[in-house]
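Peer 1: Here's the feature list from TrEMBL:
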DOMAIN    12-215  domain 'Neurotransmitter-gated ion-channel ligand-binding'
TRANSMEM  218-242  transmembrane segment
DOMAIN    223-458  domain 'Neurotransmitter-gated ion-channel transmembrane'
TRANSMEM  248-269  transmembrane segment
TRANSMEM  281-303  transmembrane segment
COMPBIAS  341-357  compositional bias 'Basic and acidic residues'
TRANSMEM  442-460  transmembrane segment
Amino acid sequence: AVESAKGKYAHMLFNELFEDYSNALRPVEDTDKVLNVTLQITLSQIKDMDERNQILSAYLWIRQSWYDAYLRWDKDKYDGLDSIRIPSNLVWRPDIVLYNKADDDFSEPVNTNVVLRYDGKITWDAPAITKSSCVVDVSYFPFDSQQCNLTFGSWTYNGNQVDIINSLDSGDLSDFIEDVEWEIHGMPAVKNVITYGCCSEPYPDVTFTLILKRKSSFYIFNLLLPCILISFLAPLGFYLPADSGEKVSLGVTVLLALTVFQLMVAEIMPPSESVPLIGKYYIATMTMITASTALTIIIMNLHHCGSEAKPVPQWAKVVILDYMSKIFFVYDVGENCTSPKREKEEERRLEGDDGCQRRHKEVRSPLPNTNDDCNLKEKLSGNWNKSYGVHGENVRETVNCCSCYKMLIKNIEYIANCVRDHKANRAKGIEWKKVAKVMDRFFMWIFFIMVFFMSVLIIGKAA
């Protein structure tokens, strides 16, 4: 019975209120009086942040309240009925819109009900999915913070007709749904009064600044960490043996891998002049890898210097072979370290070479000269005649054998000279290979240090 009675009074109230009511005019008794509209924004969810197109999509609850001078009643006359809910299109509504809207759809607001109180206060709560333009600064991506403005104001009424008042000093974040990519660090509200060039009247607006902080874990594990691991492969190209044939291939492969990641970042970021931090890291790493590949080619040319090359300069022998080789622990070509066993084998080899040289001297020592040749013939003839009674023909044969022996010694000397020349040329090539190996170690540590400091610098921005 009570509900039916209230329903009866509500119908009666509605018919009496809207009998002569018009929602086309501003509901004030005096046209010179300002109508105050209280605005409150509740952020429910961030749907999307499109960095490339610089558009923020957000789900908002927009609450507007004002007083209508023509919609008042005495609640005692209507059995204590103090409020009713009616469609919003039946009453006058302020034309408050989002100034920086970036949506192609210019449809009307959601036609939700308004709450009408007996004193004429109207409260209109309307949900809205807004797309607003936001100037995105990606200089420190993926460790960046963004500030997006939501500016609300009347489209046709100036400040002398409709004034906007902040309900709170900031947007309401109590019902915000946690976002997977962005953290909300505040939503302060500021009222601005602007006088445009077309008109002399002031136009007030309320700007809500949404302060966002990007959660960088996703980008660290998917874009930054793979790049750091790949960049550490670049210095290892100097550690590869030159004869493997894979030094240049490794550098080119790493460069192509970084190019793929660079293109992935370029697809996300807007085409602006400000290069993101991760993009700078990619460019610096790619430049370093390009330089390492070029240096690898130069060092490979030094490695393959053969016997026709010039000897190693004296300053290179002192600086590179004597000092730098000890600093970077570079030993003979083909060795990684020394051991007592290897040293003993080296000593035995040297002793073997000395023995060969002594035997070679012993072979060379009985070489006769021209004068001794005749004496040798005479001695041989006399000895053969005395001992065995050999005739003159046998003596001639013996002398001819001595001539053959002399020619054999000359051939051995020629072969020995060729072997010495070959060893000298081979030693010269080994020196160039050792120079190349020392330079490989030097640039490997230099590039390792560069990659380390670049990685520390990029990770330090996250702190």
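Each Cβ is built from the backbone N, Cα and C atoms, and glycine gets one as well.
Curation does not apply to TrEMBL; its annotations are automatic.
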Peer 1: Do any residues, 6 or more residues outside the transmembrane segment (442-460), come within under 8 Å Cβ-to-Cβ of it, and if so which ones?
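Peer 2: Contacts of the transmembrane segment (442-460) (Cβ under 8 Å, skipping residues fewer than 6 from its ends): 224, 228, 231-232, 234-236, 238-239, 277-278, 281, 284-285, 288, 292, 295, 299, 324, 328.
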Peer 1: Six or more residues beyond either end and a Cβ under 8 Å away: which residues meet both conditions relative to the transmembrane segment (218-242)?
Peer 2: 141-142, 181, 250-251, 254, 257-258, 261, 264-265, 278, 281-282, 285, 288-289, 292-293, 295-296, 299-300, 303-304, 433, 436-437, 440-441, 443-445, 447-448, 451, 454-455, 458, 462
Peer 1: Given the model, what does the mean pLDDT over the domain 'Neurotransmitter-gated ion-channel ligand-binding' (12-215) come out as?
Peer 2: 90
